[in-house]
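K.L.:
Below you'll find the structure I mean.
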Amino acid sequence: MLRASGSDTKDSASMATTATPNGGPVKTTLKDSFGSTAEEEEEDDPVSQAVGEFGRWQLQLTFLLSLFNVPCTFHIFAVTFQAPVVDFWCTRPPGFTEMDVPTWRNMSHSVVLSQVNSTGRRANRCPDNCVQCQLRTKTIAPKGMSRWATQNGTPEYDACAVWDMDYNNTAINNVATTNITRLCTDWEFSREEFGDTIISQWNLVCDRQALPNVAEMMFLAGVALGGLISGMISDRFGRKKTLMGSLVLQICIALSMTFCPWFEVYVALRFCLGFISVGVVFSGFVLCMELVGGKWRTISGVSYLFPVPLSYIAIAGIAYYVRGWKNLQLAITLPSLLLFGLWWILPESPRWLLAMGRKDEVMLILKEAARVNKRQLPANTDKILQQMMDMKDPGDEKKAGILDLFRTPNMRKTSLILYIIWFSVYLVYYGLVLNLGKIGGNVYLNTILSGVVEIPAIAISILILLKMGRRGPFCLTLMVSGVACFLTLLVPLGRSYLDWNTISLTPMYNHLDVVTGRSDLEWITISLAMLGKFAVSSSNAVMPVFTAELFPTVVRNLGVGSSNVSAGVALMLVPYLWNLTDIDARVPMGVLGVFGIVGGLSVLLLPETANRPLAETLQEGEDARVMERRPSIVPRRKSRGNCNGSFAE
C-alpha cells in the first residue's frame, strides 16, 4: 500500500505590518482587521474561512479523492499473487509426458535433505544445494541424520537438476540407477492455485530465483524516488493536473506490462509504475488536505486511507477468481478508467491557485463550495483574496535547504530520529503486508484478514490524534507491533521431517515415510502477525501528522520528503527480508520485531505536538516559541460542542 505524507497540511501565516504609536512595527493579521482575535481561531485558509472547514462539499471530494488509493494499492500488492512461491520441477522428456508428476519427480529428481535443528536452521549437507541423491538401492543414508525438512508433508525435491541419463532412449520401466545429476534448462510449474505467474513466464527459478525480488525492489525504488519528485511536479503544474496526468500514465504502464516480451522490460515498467503510482497518491492526498481546515484536516487525512484495507480485501477476491498474472493485471487496471470521469468534478486546489495569482478561478470554486455547503459567500471575499496575494512576506522568498535540517542541535536530533522511525514503520508494515503468503496458512485468507484488521486501526488512529495526543500512542502502537513479531519466535516450527528409522524401499522407486510436524500451531503465528499488522497500521496513520507538526513550516516539505527517503530505503530492503529464512526460519519476524521496538522507543525522544502551536521558522523550531496566527477572511465566534468553529456564524 502507498502512503502519502502530511507535509502540505500546514502553511505559514500571511501578515501585514503597521506602525505602533511609538514607531515600532507590529504584525497585524487580516483576522484582526475584521474584528476577531487570534485566540479565538486556529490555523485557517481561504476555503475554510469562506465556506466552512468541513461540509458536504468537502465530504464528497474527500470520498472521491480517496478512491485513487484503490488502483495504487492493487499494483503494490499484486506481486503477492503474480509472483508467489509455487511448486516446480524439471520438464518431462517426450517419452515421459504421460507419466504423472509425483512418479516423474520420484524417479528423476534428487531429494533436498535439509536437516532441521532445534533453532529451525536448515543445514544443507551437499555441495551447491543439490544435496543427497534420492534413496535407491545404491544410496546409503548419512549416519546420525534422522530428521530432514520436507514441504507440506512431502519430500522437497531438488527441482533444478535430474539424474544424468538419456531419457529419450530410456524406457519408463527400464531406468538405470545413477547418483549423478545434471542441471535442468526448462521447467514445469504447478498452476493449480495461481495459474500462470511471472515466475513461470520467464523461468525465474534455480539460478534466476532472486530476480522476482529484483523486480519488486525496482517497483519500491520507483515509489521512493517518485515520492521526492511528485511534490515538485505538483507544485509546478497543480494538484489536479498532476493527479489525472499520473493516472493516465499509470493505466498505460500497467496495461503495457501484459505485453512484455522480456523480463528486463517487465522490471523497467514496474519501476515506472511505482514512480507514477506514488504521484497519484501524493497529489490526491495534498488536494484533499487543501480543501478542508481545522481539526477536520486530521480526520480527512486519516479517512483518506480507508480504501487501502478495503483494496486488500478486494484484490484477494479478484485474484481468487481471476487466475494468471496477465489476467489479474488487466482486472486491477481497467477499473481505473472510471476515475477519468472525476476530471469534471474535482476542483483544483484553491490554495495553489491563489499562490499562482489565479484569483478568479478561486472565486468560482468557492462559489460552488458555498452552494453545496448551503452557505452564503461573504461579500468581501474577492477583496480579501486580493489582499492575501498582495501581502506576501518578503522573507518567504528565502528558500530553506536540506542542510538546514542539520545546522542546529534540536533540528538535527529531530531529523535523525524521524528517519529511524520512518525506516522502522515502513519495514514492519510492508514486511508484513508483502509477505503474507510466507507466514503460513492460506494467502487469500491472510490478505483478507490483513485488510480487516487495518480498518479499525485507521479508525482508532483518528481518535488517537484528536483525543490522546501523538507521542504516547505512537510509541505504544509501534512497540506492540514489534513485540507481536517477536512473540512469533516462541511458536514451535510447524515443519515436517523424514524419519530415517522408518524408511522403506521399493525395487525401483523409493517410498519416503513422512512424519508431520506441529503445523497445528500455525494459527498462532498468523494471529500474532495480524496483531502486529493492526498496531503498525495505526502507527502508519499517525506518523505523517506527527512528522509534519515537528518540522517548522519553512522546512516542512523538506523534512517529510527526506523522511520518505529513509522509508524508501526500507521499502527496497523488504523484498529480500524473507531470504533470511536461509539462515534461520525465525530471522525475518525477529528483524521486524527489533525495528518495531527500536522505532517505538525512538518516539519517546521526540516532544509531544498535540494542542501546541506549530513553529514557523527554524529559530522557532529550535526555541519552541509560540507561532503567530493566520489571517481570517470573516469574523467567527468560537464554537462550543464541535471539534472546531467552522460552522459558527
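Including glycine, each Cβ sits where the backbone N, Cα and C put it.
The region 'Disordered' annotation in TrEMBL covers 1-48, 630-649. Residues or ranges marked as compositional bias 'Polar residues' by TrEMBL: 12-21. Residues or ranges marked as domain 'Major facilitator superfamily (MFS) profile' in TrEMBL: 154-611. The transmembrane segment annotation in TrEMBL covers 210-230, 242-259, 265-292, 304-322, 328-346, 416-437, 443-466, 473-493, 523-546, 558-578, 590-607.
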K.L.:
Grab the same-chain neighbours of the transmembrane segment (558-578) for me: Cβ-Cβ under 8 Å, and only residues 6 or more beyond its ends, written as numbers and ranges.
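P.N.:
5-7, 212-214, 216-217, 220-221, 223-225, 227-228, 231, 400-402, 404-405, 415, 418-420, 422-427, 430-431, 434-435, 438, 544, 547-548, 550-551, 588, 591-592.
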K.L.:
The transmembrane segment (416-437): which same-chain residues, six or more beyond its ends, come within Cβ distance under 8 Å?
P.N.:
1, 76-77, 79-80, 84-85, 216, 220, 312, 443, 446-447, 450, 478, 481-482, 485, 529, 532-533, 536-537, 539-540, 543, 547, 550, 559, 562-564, 566-567, 569-571, 573-575, 577-578, 588, 591-592, 595-596, 598-600, 602-603, 605-606
K.L.:
Do the transmembrane segment (265-292) and the transmembrane segment (473-493) come together with 3 or more C-beta pairs under 8 Å, pairs six or more apart in sequence?
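P.N.:
Since fewer than 3 Cβ pairs under 8 Å link them, the transmembrane segment (265-292) and the transmembrane segment (473-493) do not come into contact.
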K.L.:
Taking residues 6+ outside the transmembrane segment (242-259), which of them lie with a CB under 8 Å of any CB in it?
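P.N.:
Answer is 68, 71-72, 75, 230, 233-234, 266, 269-270, 272-273, 276-277, 279-280, 283-284, 287, 326, 329-330, 332-333, 336-337, 339-340, 342-343, 346.
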K.L.:
Can you give me the average pLDDT across the domain 'Major facilitator superfamily (MFS) profile' (154-611), rounded to a whole number?
P.N.:
81
